[in-house]
Amino acid sequence: MISLKDAIKLSSSDIVKLRKNLKDKIKDNRQLGAYIEQLTNSDISDEYAGVPIAIKDNIQVKNWSITSCSKILQGYVAPYHATVVEKLLKAGLAPFGRTNMDEFAMGSTTESSFYGKTLNPLDHTRVPGGSSGGSAAAVSAGLAIAALGSDTGGSIRQPAAFCGCVGFKPTYGRVSRYGLGAYSSSLDQIGPITRSVEDAALLYDIIAGHDPKDSTSSNLENISTSDKLNSDRKLTIAVIKNYVDGASQDVKDSLYKVVDKLKEAGHNIIYKDLSNSKYDIAAYYIIATAEASANLSRYDGVRYGRRADSNSLGQMYSKTRGEGFGVEVQRRMLLGTFVLSSGYYDAYYIKAQKARAFIKLEYEEILNEADIMLMPVAPSVAYKFGELSDPLSAYLSDIYTIGVNLAGLPAITVPVQSDKNGLNISAQLIGGAWKEQDVLDAAFGLEKLVKGN
(Lines of atoms letter the chains of each structure in order from A and count residues from 1; the text may use other names and numbers.)
(Lines give C-alpha, C1' and ligand atoms only; values in the text may rest on other atoms or scores of the structure.)
Protein backbone atom coordinates (compact mmCIF):
# COMPACT_ATOMS: atom_id res chain seq x y z
CA MET A 1 0.00 0.00 0.00
CA ILE A 2 1.25 3.46 -0.93
CA SER A 3 2.17 5.80 1.93
CA LEU A 4 0.31 9.06 2.54
CA LYS A 5 3.60 10.88 1.94
CA ASP A 6 3.75 9.44 -1.59
CA ALA A 7 -0.01 9.59 -2.25
CA ILE A 8 -0.16 13.37 -1.85
CA LYS A 9 2.39 13.67 -4.68
CA LEU A 10 0.24 11.69 -7.16
CA SER A 11 -1.35 13.24 -10.23
CA SER A 12 -5.14 13.55 -10.43
CA SER A 13 -5.37 10.57 -12.78
CA ASP A 14 -3.23 8.42 -10.48
CA ILE A 15 -5.43 9.35 -7.52
CA VAL A 16 -8.49 8.21 -9.49
CA LYS A 17 -6.77 4.86 -10.14
CA LEU A 18 -5.80 4.57 -6.48
CA ARG A 19 -9.39 5.16 -5.36
CA LYS A 20 -10.67 2.53 -7.80
CA ASN A 21 -8.12 -0.01 -6.59
CA LEU A 22 -9.11 0.68 -2.99
CA LYS A 23 -12.81 0.24 -3.82
CA ASP A 24 -12.12 -3.11 -5.46
CA LYS A 25 -10.04 -4.26 -2.50
CA ILE A 26 -12.74 -3.18 -0.04
CA LYS A 27 -15.36 -5.16 -1.99
CA ASP A 28 -13.11 -8.23 -1.99
CA ASN A 29 -12.67 -8.06 1.79
CA ARG A 30 -16.25 -7.47 2.94
CA GLN A 31 -15.92 -10.08 5.70
CA LEU A 32 -13.50 -7.79 7.59
CA GLY A 33 -16.22 -5.22 8.33
CA ALA A 34 -13.78 -2.32 8.66
CA TYR A 35 -16.17 -0.04 6.76
CA ILE A 36 -19.88 0.29 7.42
CA GLU A 37 -20.33 -0.07 3.67
CA GLN A 38 -18.80 -3.56 3.96
CA LEU A 39 -21.20 -4.50 6.75
CA THR A 40 -24.25 -3.14 4.88
CA ASN A 41 -23.15 -4.46 1.47
CA SER A 42 -23.32 -0.98 -0.08
CA ASP A 43 -21.04 1.15 -2.23
CA ILE A 44 -18.24 3.04 -0.52
CA SER A 45 -19.01 6.71 0.25
CA ASP A 46 -16.64 8.63 -2.03
CA GLU A 47 -18.25 11.65 -3.66
CA TYR A 48 -15.41 14.03 -2.72
CA ALA A 49 -12.31 14.09 -4.95
CA GLY A 50 -8.81 13.82 -3.50
CA VAL A 51 -6.39 11.45 -1.76
CA PRO A 52 -8.72 9.02 0.08
CA ILE A 53 -8.79 9.11 3.90
CA ALA A 54 -11.10 6.76 5.83
CA ILE A 55 -13.40 8.56 8.28
CA LYS A 56 -14.78 7.27 11.57
CA ASP A 57 -18.58 7.27 11.62
CA ASN A 58 -18.80 9.99 14.30
CA ILE A 59 -17.11 12.72 12.21
CA GLN A 60 -19.53 14.81 10.15
CA VAL A 61 -19.21 14.70 6.36
CA LYS A 62 -21.80 16.80 4.51
CA ASN A 63 -24.52 14.76 2.79
CA TRP A 64 -23.30 11.50 4.35
CA SER A 65 -25.32 9.40 6.76
CA ILE A 66 -23.24 9.79 9.94
CA THR A 67 -24.68 7.62 12.69
CA SER A 68 -22.00 6.99 15.35
CA CYS A 69 -22.93 3.35 14.59
CA SER A 70 -26.18 3.71 16.53
CA LYS A 71 -29.73 2.69 15.66
CA ILE A 72 -31.01 5.98 17.07
CA LEU A 73 -29.28 7.97 14.31
CA GLN A 74 -30.52 5.90 11.39
CA GLY A 75 -31.83 8.29 8.75
CA TYR A 76 -29.71 11.25 9.88
CA VAL A 77 -27.75 12.98 7.11
CA ALA A 78 -25.01 15.43 8.11
CA PRO A 79 -25.80 18.99 6.90
CA TYR A 80 -22.21 20.25 7.31
CA HIS A 81 -18.54 19.22 7.35
CA ALA A 82 -16.55 18.77 10.54
CA THR A 83 -13.62 21.20 10.65
CA VAL A 84 -11.13 18.34 10.19
CA VAL A 85 -12.95 17.30 7.00
CA GLU A 86 -12.82 20.87 5.67
CA LYS A 87 -9.08 20.86 6.33
CA LEU A 88 -8.64 17.56 4.51
CA LEU A 89 -10.46 18.89 1.45
CA LYS A 90 -8.47 22.12 1.48
CA ALA A 91 -5.24 20.06 1.48
CA GLY A 92 -6.31 17.88 -1.46
CA LEU A 93 -7.39 14.94 0.67
CA ALA A 94 -10.94 13.61 0.81
CA PRO A 95 -13.19 11.55 3.10
CA PHE A 96 -13.48 8.02 1.74
CA GLY A 97 -15.77 5.52 3.45
CA ARG A 98 -17.31 5.41 6.92
CA THR A 99 -15.35 3.20 9.30
CA ASN A 100 -17.06 1.02 11.89
CA MET A 101 -16.87 1.87 15.60
CA ASP A 102 -18.40 1.08 18.96
CA GLU A 103 -21.75 2.82 19.34
CA PHE A 104 -21.15 6.47 20.28
CA ALA A 105 -17.48 5.51 20.84
CA MET A 106 -18.38 3.56 23.99
CA GLY A 107 -16.40 0.35 23.87
CA SER A 108 -13.11 -1.34 23.05
CA THR A 109 -14.07 -4.00 20.49
CA THR A 110 -16.58 -2.57 17.91
CA GLU A 111 -19.06 -5.21 19.14
CA SER A 112 -21.54 -2.54 20.25
CA SER A 113 -21.87 -1.18 16.69
CA PHE A 114 -25.42 -1.32 15.31
CA TYR A 115 -24.00 -2.67 12.04
CA GLY A 116 -21.97 -5.54 13.48
CA LYS A 117 -18.40 -6.13 14.56
CA THR A 118 -15.10 -5.54 12.77
CA LEU A 119 -12.53 -8.36 12.60
CA ASN A 120 -8.87 -7.90 13.46
CA PRO A 121 -6.87 -8.28 10.20
CA LEU A 122 -4.07 -10.05 12.13
CA ASP A 123 -6.44 -12.73 13.48
CA HIS A 124 -10.14 -12.79 12.61
CA THR A 125 -11.03 -14.47 15.93
CA ARG A 126 -9.77 -11.45 17.87
CA VAL A 127 -11.05 -7.93 18.48
CA PRO A 128 -9.60 -5.02 16.49
CA GLY A 129 -9.88 -2.78 19.55
CA GLY A 130 -12.10 0.23 19.85
CA SER A 131 -13.78 2.43 19.61
CA SER A 132 -11.94 3.32 16.36
CA GLY A 133 -11.60 -0.36 15.46
CA GLY A 134 -12.83 0.08 11.90
CA SER A 135 -10.28 2.81 11.17
CA ALA A 136 -7.40 0.72 12.56
CA ALA A 137 -8.53 -2.45 10.76
CA ALA A 138 -8.86 -0.60 7.43
CA VAL A 139 -5.32 0.79 7.68
CA SER A 140 -3.85 -2.51 8.89
CA ALA A 141 -5.49 -4.52 6.09
CA GLY A 142 -4.40 -2.10 3.36
CA LEU A 143 -7.98 -0.94 2.78
CA ALA A 144 -7.04 2.66 3.60
CA ILE A 145 -3.94 4.80 3.17
CA ALA A 146 -4.73 6.47 6.48
CA ALA A 147 -7.77 7.11 8.67
CA LEU A 148 -9.18 9.53 11.20
CA GLY A 149 -10.42 8.30 14.56
CA SER A 150 -11.37 9.82 17.89
CA ASP A 151 -9.80 9.10 21.27
CA THR A 152 -11.71 9.54 24.54
CA GLY A 153 -9.90 6.97 26.68
CA GLY A 154 -7.59 5.23 24.23
CA SER A 155 -9.92 4.79 21.26
CA ILE A 156 -7.22 5.61 18.69
CA ARG A 157 -4.22 4.12 20.49
CA GLN A 158 -5.64 0.77 21.62
CA PRO A 159 -7.08 -0.35 18.24
CA ALA A 160 -3.94 0.90 16.49
CA ALA A 161 -1.89 -1.30 18.82
CA PHE A 162 -4.17 -4.32 18.41
CA CYS A 163 -4.04 -4.04 14.60
CA GLY A 164 -0.35 -3.13 14.26
CA CYS A 165 -0.71 0.53 13.20
CA VAL A 166 0.53 3.89 14.44
CA GLY A 167 -2.15 5.76 16.42
CA PHE A 168 -1.64 9.38 17.51
CA LYS A 169 -3.74 11.33 20.02
CA PRO A 170 -2.75 15.03 20.04
CA THR A 171 -2.99 17.33 23.06
CA TYR A 172 -6.60 18.10 24.01
CA GLY A 173 -7.53 21.30 22.15
CA ARG A 174 -4.92 20.96 19.42
CA VAL A 175 -7.39 19.54 16.86
CA SER A 176 -10.90 20.97 16.49
CA ARG A 177 -13.77 18.86 17.80
CA TYR A 178 -16.34 20.80 15.76
CA GLY A 179 -18.38 18.19 13.93
CA LEU A 180 -17.35 15.29 16.15
CA GLY A 181 -20.24 13.35 17.65
CA ALA A 182 -19.61 14.03 21.33
CA TYR A 183 -19.16 11.28 23.89
CA SER A 184 -17.23 13.08 26.66
CA SER A 185 -16.51 16.67 25.69
CA SER A 186 -13.57 17.23 28.07
CA LEU A 187 -11.81 14.04 26.92
CA ASP A 188 -12.60 13.56 23.19
CA GLN A 189 -9.85 14.28 20.65
CA ILE A 190 -9.59 13.53 16.91
CA GLY A 191 -6.34 12.06 15.57
CA PRO A 192 -4.75 9.96 12.79
CA ILE A 193 -4.25 6.21 12.39
CA THR A 194 -1.55 5.38 9.84
CA ARG A 195 1.05 2.80 8.91
CA SER A 196 4.04 4.99 9.82
CA VAL A 197 5.00 7.79 12.18
CA GLU A 198 5.85 10.03 9.22
CA ASP A 199 2.33 9.63 7.80
CA ALA A 200 0.84 10.29 11.26
CA ALA A 201 2.78 13.56 11.45
CA LEU A 202 1.66 14.56 7.94
CA LEU A 203 -2.01 13.93 8.65
CA TYR A 204 -1.77 15.59 12.07
CA ASP A 205 -0.27 18.74 10.49
CA ILE A 206 -3.22 18.94 8.10
CA ILE A 207 -5.97 18.66 10.73
CA ALA A 208 -4.40 20.58 13.64
CA GLY A 209 -4.87 24.25 14.43
CA HIS A 210 -7.19 26.74 16.09
CA ASP A 211 -10.87 26.72 15.17
CA PRO A 212 -13.18 29.55 16.27
CA LYS A 213 -16.12 27.13 15.97
CA ASP A 214 -14.73 25.05 18.87
CA SER A 215 -14.53 26.88 22.20
CA THR A 216 -12.08 24.27 23.54
CA SER A 217 -9.70 24.71 20.59
CA SER A 218 -6.32 26.15 21.57
CA ASN A 219 -5.27 29.42 19.96
CA LEU A 220 -1.58 28.61 20.37
CA GLU A 221 0.41 28.86 17.14
CA ASN A 222 0.31 25.53 15.34
CA ILE A 223 3.79 24.67 14.05
CA SER A 224 4.16 21.88 11.49
CA THR A 225 5.92 18.74 12.70
CA SER A 226 6.36 16.48 9.66
CA ASP A 227 9.05 18.66 8.06
CA LYS A 228 11.03 18.71 11.32
CA LEU A 229 10.93 15.01 12.24
CA ASN A 230 14.27 14.04 13.79
CA SER A 231 14.94 10.41 14.67
CA ASP A 232 18.41 11.26 16.04
CA ARG A 233 17.31 13.43 18.98
CA LYS A 234 18.57 12.12 22.32
CA LEU A 235 15.78 12.31 24.87
CA THR A 236 15.21 11.57 28.53
CA ILE A 237 12.62 8.80 28.61
CA ALA A 238 10.78 7.85 31.80
CA VAL A 239 9.80 4.18 31.79
CA ILE A 240 6.67 3.71 33.93
CA LYS A 241 7.95 0.59 35.66
CA ASN A 242 4.87 -0.45 37.63
CA TYR A 243 2.73 -0.25 34.48
CA VAL A 244 5.21 -2.26 32.39
CA ASP A 245 5.57 -4.85 35.16
CA GLY A 246 1.78 -5.12 35.45
CA ALA A 247 1.31 -6.11 31.80
CA SER A 248 1.32 -9.65 30.41
CA GLN A 249 4.69 -11.41 30.16
CA ASP A 250 4.88 -10.97 26.36
CA VAL A 251 4.16 -7.24 26.58
CA LYS A 252 6.56 -6.80 29.51
CA ASP A 253 9.42 -8.65 27.76
CA SER A 254 8.89 -6.73 24.51
CA LEU A 255 8.91 -3.33 26.20
CA TYR A 256 12.05 -4.04 28.21
CA LYS A 257 13.77 -5.08 24.95
CA VAL A 258 12.69 -1.71 23.53
CA VAL A 259 14.12 0.06 26.59
CA ASP A 260 17.46 -1.70 26.03
CA LYS A 261 17.49 -0.56 22.39
CA LEU A 262 16.73 3.01 23.43
CA LYS A 263 19.62 2.92 25.93
CA GLU A 264 21.98 1.61 23.25
CA ALA A 265 20.85 4.42 20.95
CA GLY A 266 21.98 6.99 23.51
CA HIS A 267 18.73 8.00 25.19
CA ASN A 268 18.74 8.72 28.91
CA ILE A 269 16.44 6.19 30.61
CA ILE A 270 14.94 6.78 34.05
CA TYR A 271 12.36 4.70 35.90
CA LYS A 272 9.22 6.08 37.50
CA ASP A 273 5.96 4.77 38.94
CA LEU A 274 2.43 6.15 38.63
CA SER A 275 -0.31 5.70 41.22
CA ASN A 276 -2.48 2.62 40.98
CA SER A 277 -4.38 2.77 37.70
CA LYS A 278 -7.62 1.87 39.52
CA TYR A 279 -7.92 5.59 40.34
CA ASP A 280 -7.72 6.42 36.63
CA ILE A 281 -10.49 3.91 35.89
CA ALA A 282 -12.80 5.26 38.60
CA ALA A 283 -12.27 8.93 37.73
CA TYR A 284 -12.58 8.29 34.00
CA TYR A 285 -15.83 6.34 34.12
CA ILE A 286 -17.47 8.86 36.43
CA ILE A 287 -16.47 11.91 34.37
CA ALA A 288 -16.98 10.31 30.95
CA THR A 289 -20.40 8.86 31.75
CA ALA A 290 -21.56 12.09 33.40
CA GLU A 291 -20.67 14.05 30.27
CA ALA A 292 -22.16 11.35 28.04
CA SER A 293 -25.49 11.48 29.86
CA ALA A 294 -25.66 15.20 29.09
CA ASN A 295 -24.40 14.92 25.49
CA LEU A 296 -26.69 12.06 24.53
CA SER A 297 -29.81 13.60 26.06
CA ARG A 298 -30.31 15.43 22.72
CA TYR A 299 -31.24 12.12 21.05
CA ASP A 300 -34.92 12.10 21.91
CA GLY A 301 -36.71 11.49 18.61
CA VAL A 302 -37.78 15.12 18.27
CA ARG A 303 -35.11 16.88 16.22
CA TYR A 304 -33.29 14.26 14.16
CA GLY A 305 -32.61 10.58 13.88
CA ARG A 306 -34.99 7.72 14.54
CA ARG A 307 -38.36 8.22 16.30
CA ALA A 308 -40.30 5.37 17.91
CA ASP A 309 -44.08 5.07 17.50
CA SER A 310 -45.83 6.26 20.67
CA ASN A 311 -49.02 7.71 22.13
CA SER A 312 -47.48 10.52 24.19
CA LEU A 313 -44.39 12.71 24.42
CA GLY A 314 -43.03 10.89 27.47
CA GLN A 315 -43.58 7.51 25.85
CA MET A 316 -41.86 8.75 22.68
CA TYR A 317 -38.76 9.77 24.68
CA SER A 318 -38.51 6.48 26.54
CA LYS A 319 -39.30 4.23 23.56
CA THR A 320 -36.99 6.12 21.20
CA ARG A 321 -34.08 5.83 23.62
CA GLY A 322 -34.93 2.32 24.75
CA GLU A 323 -35.10 1.03 21.18
CA GLY A 324 -32.41 3.30 19.73
CA PHE A 325 -29.55 2.96 22.22
CA GLY A 326 -27.60 -0.27 22.67
CA VAL A 327 -26.99 -1.96 26.01
CA GLU A 328 -23.55 -0.44 26.65
CA VAL A 329 -24.72 3.11 25.85
CA GLN A 330 -27.74 2.69 28.13
CA ARG A 331 -25.47 1.40 30.90
CA ARG A 332 -23.16 4.41 30.68
CA MET A 333 -26.00 6.93 30.42
CA LEU A 334 -27.63 5.49 33.54
CA LEU A 335 -24.32 5.59 35.41
CA GLY A 336 -23.73 9.18 34.30
CA THR A 337 -27.21 10.28 35.34
CA PHE A 338 -26.70 8.60 38.72
CA VAL A 339 -23.38 10.32 39.53
CA LEU A 340 -24.86 13.71 38.61
CA SER A 341 -28.01 13.23 40.67
CA SER A 342 -28.79 15.08 43.88
CA GLY A 343 -27.06 13.47 46.84
CA TYR A 344 -24.39 11.74 44.76
CA TYR A 345 -22.85 14.67 42.85
CA ASP A 346 -20.44 15.58 45.66
CA ALA A 347 -19.72 11.97 46.57
CA TYR A 348 -18.79 10.93 43.04
CA TYR A 349 -18.46 13.65 40.42
CA ILE A 350 -16.62 16.25 42.53
CA LYS A 351 -14.26 13.59 43.91
CA ALA A 352 -13.59 12.32 40.39
CA GLN A 353 -12.63 15.82 39.26
CA LYS A 354 -10.24 16.10 42.22
CA ALA A 355 -8.73 12.73 41.30
CA ARG A 356 -8.36 13.96 37.71
CA ALA A 357 -6.39 16.99 38.90
CA PHE A 358 -4.13 14.69 40.94
CA ILE A 359 -3.57 12.35 37.95
CA LYS A 360 -2.70 15.31 35.72
CA LEU A 361 -0.23 16.60 38.32
CA GLU A 362 1.46 13.19 38.52
CA TYR A 363 2.02 13.11 34.77
CA GLU A 364 3.29 16.70 34.78
CA GLU A 365 5.78 16.00 37.59
CA ILE A 366 7.31 13.09 35.68
CA LEU A 367 7.40 15.13 32.46
CA ASN A 368 9.25 17.90 34.30
CA GLU A 369 12.12 15.40 34.65
CA ALA A 370 11.71 13.62 31.31
CA ASP A 371 10.85 14.50 27.72
CA ILE A 372 8.82 11.35 27.14
CA MET A 373 7.03 8.67 29.18
CA LEU A 374 7.01 5.06 27.97
CA MET A 375 4.40 2.50 29.01
CA PRO A 376 2.21 -0.26 27.54
CA VAL A 377 -0.88 0.51 25.47
CA ALA A 378 -2.90 -2.40 26.84
CA PRO A 379 -2.26 -5.16 29.39
CA SER A 380 -2.10 -7.79 26.64
CA VAL A 381 -2.27 -8.34 22.89
CA ALA A 382 -5.68 -8.32 21.16
CA TYR A 383 -8.01 -10.73 22.95
CA LYS A 384 -10.60 -13.06 21.45
CA PHE A 385 -14.19 -11.96 20.84
CA GLY A 386 -16.27 -12.72 23.92
CA GLU A 387 -13.22 -13.20 26.15
CA LEU A 388 -14.00 -10.07 28.20
CA SER A 389 -17.78 -10.35 28.28
CA ASP A 390 -17.99 -8.82 31.77
CA PRO A 391 -18.20 -4.98 31.41
CA LEU A 392 -15.72 -4.35 34.24
CA SER A 393 -13.12 -6.65 32.64
CA ALA A 394 -13.56 -4.78 29.36
CA TYR A 395 -13.15 -1.41 31.13
CA LEU A 396 -9.87 -2.62 32.68
CA SER A 397 -8.41 -3.20 29.21
CA ASP A 398 -8.07 0.61 28.98
CA ILE A 399 -6.03 1.05 32.18
CA TYR A 400 -2.90 2.33 30.40
CA THR A 401 -4.59 4.81 28.07
CA ILE A 402 -7.28 6.68 30.00
CA GLY A 403 -4.89 8.60 32.26
CA VAL A 404 -3.49 10.36 29.19
CA ASN A 405 -6.97 11.66 28.31
CA LEU A 406 -7.63 12.76 31.89
CA ALA A 407 -4.36 14.73 31.74
CA GLY A 408 -5.05 16.00 28.19
CA LEU A 409 -1.58 15.02 26.91
CA PRO A 410 -0.31 13.93 23.46
CA ALA A 411 0.47 10.22 23.04
CA ILE A 412 1.34 7.81 20.26
CA THR A 413 1.52 4.04 19.84
CA VAL A 414 4.33 2.44 17.85
CA PRO A 415 4.43 -1.27 16.89
CA VAL A 416 7.58 -2.86 18.34
CA GLN A 417 7.20 -6.64 18.07
CA SER A 418 4.88 -9.53 17.16
CA ASP A 419 4.21 -12.37 19.59
CA LYS A 420 4.45 -16.06 18.65
CA ASN A 421 0.91 -15.91 17.20
CA GLY A 422 1.68 -12.94 14.97
CA LEU A 423 -0.21 -10.49 17.18
CA ASN A 424 1.18 -6.99 17.52
CA ILE A 425 2.71 -5.45 20.64
CA SER A 426 3.14 -1.66 20.74
CA ALA A 427 4.85 0.86 22.99
CA GLN A 428 3.00 3.99 24.10
CA LEU A 429 4.96 7.25 24.17
CA ILE A 430 3.55 10.28 26.01
CA GLY A 431 4.80 13.86 26.01
CA GLY A 432 4.08 17.15 27.71
CA ALA A 433 1.11 19.30 26.72
CA TRP A 434 1.57 20.94 23.28
CA LYS A 435 4.83 19.01 22.74
CA GLU A 436 3.69 16.97 19.77
CA GLN A 437 7.11 17.39 18.14
CA ASP A 438 8.80 15.61 21.06
CA VAL A 439 6.32 12.72 20.87
CA LEU A 440 6.62 12.35 17.10
CA ASP A 441 10.43 12.59 17.15
CA ALA A 442 10.63 9.92 19.85
CA ALA A 443 8.22 7.70 17.92
CA PHE A 444 10.10 8.25 14.65
CA GLY A 445 13.36 7.25 16.32
CA LEU A 446 11.80 4.19 17.96
CA GLU A 447 10.21 3.11 14.69
CA LYS A 448 13.63 3.22 12.98
CA LEU A 449 15.27 1.31 15.85
CA VAL A 450 12.67 -1.44 15.71
CA LYS A 451 12.93 -1.75 11.93
CA GLY A 452 16.72 -1.76 12.13
CA ASN A 453 17.15 1.33 9.95
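Backbone N, Cα and C atoms are what each Cβ position is placed from, and that goes for glycine too.
Sequence annotations record features per position, and here Swiss-Prot assigns active site, charge relay system to LYS56, SER131. Residues or ranges marked as active site, acyl-ester intermediate in Swiss-Prot (evidence: sequence analysis): SER155.
Distance between Cα atoms for LYS56 (active site, charge relay system) and the residue listed as 'active site, acyl-ester intermediate': 11 Å, as a whole number. In this structure the alpha carbons, written CA, of SER155 (active site, acyl-ester intermediate) and SER131 (active site, charge relay system) are 5 Å apart.
Summarising the environment of LYS56 (active site, charge relay system), the number of other Cβ atoms within 10 Å of its Cβ, over all protein chains shown, is 28. Taking a C-beta cut-off of under 8 angstroms and a sequence separation of 6 or more, SER131 (active site, charge relay system) has the following same-chain neighbours: MET101, ASP102, ALA105, MET106, GLY107, SER108, THR110, GLY149, SER150, THR152, SER155, PRO159.
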